[in-house]
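If you look up TrEMBL, you'll see 1-21 marked as compositional bias 'Acidic residues'. According to TrEMBL, the region 'Disordered' annotation covers 1-27. Annotated transmembrane segment per TrEMBL: 35-53, 59-79, 126-147, 153-172, in sequence order.
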Amino acid sequence: MLQQDSNDDTEDVSLFDAEEETTNRPRKSKIRHPVASFFHLFFRVSAIVVYLLCELLSSSFITCMVTIILLLSCDFWAVKNVTGRLMVGLRWWNHIDEDGKSHWVFESRKESSQENKTVSEAESRIFWLGLIACPVLWVIFAFSALFSFRVKWLAVVIMGVVLQGANLYGYIRCKVGSRKNLTSMATSYFGKQFLRQNTGDDQIS
């Protein structure tokens, strides 16, 4: 079912109904998607390592910059489209409707009565640790480059902050979006009830 947030045109929808039969499996602490878990960390950690060791690896700034941006781009795509879906059952994206209006859509796999059976606790920890820690490091690099007057690196570290920060923001909204929608609906309902009782107008809708 689609629920649209009246404040910022966001939507929460169920993720991959066809995969719901996999919820019969018990929730386990082991890593169920080792390849996805590896690549969830590989691209982002590699970008950080190349940034830290770039002067030792190559004397060419352009080569290092292109390598880092490629790694960040691969990380952005992999986390946004693959690892989030497999590791924690979440996915987000943006689309433009026919009127040219932007809509943010947040997906989450439906929960069964036994609560998140397809989500591995180990994978969830890896996912959120990598998702949060790496953008924080890029923010630190940005301040370091700024205060040390390494102006040429500012574009690279800002790219790291933007790409990895976008995924962090998207998945946080994906995680808490339904709760926000419920809060908005409850506030709207109680507001209408309050007006109805105080005005005596039964036609408020």
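Each Cβ is built from the backbone N, Cα and C atoms, and glycine gets one as well.
Nonlocal intrachain contacts for the transmembrane segment (153-172), taken as residues 6+ away from its ends with a CB within less than 8 angstroms of a stretch CB, comprise 44, 47, 51, 65, 68-69, 72-73, 75-76, 79-80, 84, 88, 90, 92, 104, 106, 131-132, 134-135, 138-139, 141-142, 145-146. For the transmembrane segment (35-53), same-chain residues at least 6 beyond its ends with a Cβ under 8 Å from one of its own Cβ atoms are 64, 67-68, 71-72, 74-75, 78-79, 82-83, 86-87, 123, 126-127, 130, 134, 137-138, 141, 153, 156-157, 160, 164.
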